[in-house]
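First up is the structure itself, then whatever we jot down about it.
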Amino acid sequence: MNNGDNKTTLENSKNASLANGNYAIPTKLNRLKKNADPRVAAISGALSGALSAMLVCPFDVAKTRLQAQGLQNMTHQSQHYKGFFGTFATIFKDEGAAGLYKGLQPTVLGYIPTLMIYFSVYDFCRKYSVDIFPHSPFLSNASSAITAGAISTVATNPIWVVKTRLMLQTGIGKYSTHYKGTIDTFRKIIQQEGAKALYAGLVPALLGMLNVAIQFPLYENLKIRFGYSESTDVSTDVTSSNFQKLILASMLSKMVASTVTYPHEILRTRMQLKSDLPNTVQRHLLPLIKITYRQEGFAGFYSGFATNLVRTVPAAVVTLVSFEYSKKYLTTFFQ
């Protein structure tokens, strides 16, 4: 067989693979990935975490207030926030611009280690999961995403509990300024509720691994379908269609994952805040699901969903794009 026939056969094989959804990573590329410097994923994750935290904080405050409001309604408190724009307007009117950045410190402290751990574990697992699932990229990416998500969630859950408490402080009434910063919040939660309270919402957070199990395999799949190149030439890359392909893959994968898994965020937020509901209801998943459905119906599990999409989709784009380009730059830097 001549070189032309070889090339045609290779192209046909590649096209057939793509059509069938088989995106097995070539052996040579596997070896290169396995020899990659672990510092690259860790530092890239930390940088993307810092950028994401600063971007999402105002949206996170609005989302958290809307999610928590459903629990306040169950305890017969008045409804203070109405819709996405109404929530922003109310926070700005009552608390000023600073109100939109409540919890920024724990958000930054949370995002940096979360994404640093997540991407380090995810990259590490992907190096070896392709050998375990050589013909199923979905299972390879999903198992890596779930493992990384579980480890980072358990490691950083206390920070997110603190962040939720700080974001819910309005300076008015029941949610007045009870906590005076990150360290003070940690101290008061441990003193008043015990260290166990720092792991409130861990079960629904772990159930939220479904989010990354959908998002990251879909993200990797879309990158391939859109023809995204893993080239490390950063200078020309950002001006090419490669950059647009990465943005589109980030957006679509996050929108799908968020739509499917949003109810777990509602439950996690409500388990993490303080309320007048008995602990047997608020701190346990099934009773909380029942009372949420009874009081608010199915819509209660999607309270603040529009705000969440406005927050998570741009955050996913910033996170993944900054991670990919940091990784490209650092790969050449550490060579």
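Using the three backbone atoms N, Cα and C, a Cβ is placed for every residue, glycine included.
Among the features that Swiss-Prot reports, repeat 'Solcar 1' is placed at 36-128. Per-residue pLDDT, averaged across the repeat 'Solcar 1' (36-128), gives 82.
Counting residues 6+ beyond its ends, the transmembrane segment (42-62) has Cβ neighbours under 8 Å at 81, 84, 87-88, 91, 99-104, 107-108, 110-120, 163, 167, 304, 307-308, 310-312, 314-315, 318-320, 322-323, 326-327, 330 in the same chain. Here Swiss-Prot flags 42-62 (among others) as transmembrane segment, drawing on sequence analysis.
Within the same chain, residues 36, 38, 40-46, 48-50, 52-54, 56-57, 60, 144-145, 147-149, 151-153, 155-156, 159-160, 162-163, 166, 181-182, 185, 216, 319, 323 sit at least 6 positions outside the transmembrane segment (104-124) and bring their C-beta atoms closer than 8 Å to a C-beta of that stretch. Here Swiss-Prot flags 104-124 (among others) as transmembrane segment, drawing on sequence analysis.
Sequence annotations record features per position, and here Swiss-Prot assigns repeat 'Solcar 2' to 136-225 based on sequence analysis.
Residues 103, 106, 109-110, 113-115, 117-122, 125-126, 129, 132-133, 182, 185-186, 189, 197-202, 205-206, 208-209, 211-213, 215-217, 272 of the same chain lie 6 or more positions beyond the ends of the transmembrane segment (142-162) yet place their CB under 8 Å from a CB of it. Annotation source Swiss-Prot lists transmembrane segment at 142-162 (among others), citing sequence analysis.
What Swiss-Prot records for 198-218 (among others) is transmembrane segment. Away from its own ends, the transmembrane segment (198-218) comes close to residues 122, 137-138, 141-142, 144-146, 148-150, 153-154, 157-158, 160-162, 164, 186, 189-190, 252-254, 256-258, 260-261, 264-265, 267-269, 271-272, 283, 285, 316 of its chain (Cβ-Cβ under 8 Å, at least six residues beyond either end).
Within the repeat 'Solcar 3' (241-329), the DSSP-based counts of helix, strand and coil residues read 78 helix, 0 strand, 11 coil. Annotation comment: Swiss-Prot describes 241-329 as repeat 'Solcar 3', evidence class sequence analysis.
A Cβ distance under 8 Å defines the sequence-distant neighbours of the transmembrane segment (247-267), meaning residues of its chain 6+ beyond its ends; these are 67, 70, 201, 204-205, 207-208, 210-212, 214-216, 218-219, 222-223, 226, 228, 285, 288-289, 292, 300-305, 308-309, 312-313, 316-317, 319-321. Annotation comment: Swiss-Prot describes 247-267 (among others) as transmembrane segment, evidence class sequence analysis.
Long-range neighbours of the transmembrane segment (298-318) within the same chain, counting only residues 6 or more positions beyond its ends whose Cβ lies under 8 Å from a Cβ of the stretch, are 48, 51-52, 55-56, 59-60, 62-63, 66-67, 69-70, 83-84, 87, 215, 247, 250-251, 253-255, 258, 262-263, 265-267, 292. The feature transmembrane segment is assigned by Swiss-Prot to 298-318 (among others), with sequence analysis given as support.
Using DSSP to sort the residues of the repeat 'Solcar 1' (36-128) gives these counts of helix, strand and coil: 80 helix, 0 strand, 13 coil. Under DSSP, residues within the repeat 'Solcar 2' (136-225) fall into helix, strand and coil as 71 helix, 2 strand, 17 coil.
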